[in-house]
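For reference, the structure discussed in these notes is given below.
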Amino acid sequence: MKIFETHAHFDDECYDEDREILIDEMIGENGIIESIVNVGASFKGCKDSVELANKYDQIYAAIGLHPEDIESLDDEVIEWLTNQVKTNEKVVAIGEIGLDYHYDEPDRELQKEAFKRQLILASDLNKPIIIHSRDACKDTLDILRDTLDTSGEHVYKNGGIIHCYSYSKEAALDFLDLGFYIGVGGVVTFKNAKKLKEAVKVIPLDRLVLETDSPYMAPEPHRGSRNDSRNIQYVAEKIAELKEVSAQEIIDITNQNAKKLFWRN
């Protein structure tokens, strides 16, 4: 069975020279990838993600502004995001949005406000969310729990993915309680990823999804190189090892999970 890739950035300029060839190798007749969600981060990245989704049947788009790009989030961007969700069935989620406290900038209060604004947008539009959260676990959870949409409903009601999960197994349970899936990528193959491996062991199989975050975070044995979705098989194999099941079972169940989230079936 082919694999559902829930998070990649094939709009990135590092693919400009060979994008079409690479995509054909991934999703073509002999490729191992069934579907790809190409995730916007900047406003340009969102537009490019939609273009890719419109061009390829097996590629879908998630659109939203990454915490590093929140200064671009204005009424015009919100209007564009809204229009895309309402008119384009290939847009399946709002993301990646969230909080990143690894560096001092952008200002954390501005990050929080942009996160809340996009959460409310996603909830109002009944779309799942793809969350980027780095060094910001408590604030991410607090905002998810406390923010209501314009109808007074919790913004986590449509679920989503905690992308590139990096927190503890205890925090994973908190996100699971809110109905989220946990996105696991190449980091799980790294020797020093002890905390993530412990978390994967306690996360139920029906709450995991596979991702690569291409072009970043290439798994072993390709760590440090430009990543692409073909490497997702190494992620599946490592999770299978940690869960003591077959890689095929991991692929089967995570495919079902992704389709349940994005297609609502």
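Each position is counted from 1, following the chain as shown.
Cβ from N, Cα, C; glycine included.
Please treat TrEMBL annotations as automatic predictions, because they have not gone through curation.
Checking the candidates ASP177, ASP206, ASP213 against TrEMBL: the one annotated together with HIS7, HIS9, GLU96 at the divalent metal cation 1 site is ASP213. For the binding-site residues given as HIS9, HIS132, HIS163, the lowest number of other CB atoms within 10 Å of the residue's CB is seen at HIS9. With a cut-off of 8 Å between CB atoms and residues at least 6 apart in sequence, the same chain places VAL37, VAL39, ALA62, GLU96, ILE130, ILE161, HIS163, CYS164, GLY183, GLY185, GLU211, THR212, ASP213 near HIS7 (divalent metal cation 1 binding site), listed in sequence order.
Ranked by Cβ neighbours within 10 A across all protein chains shown, the binding-site residues GLU96, ASP213 are led by GLU96. Put simply, HIS132 (divalent metal cation 2 binding site) is 14 Å from HIS9 (divalent metal cation 1 binding site) when counted between their Cα atoms.
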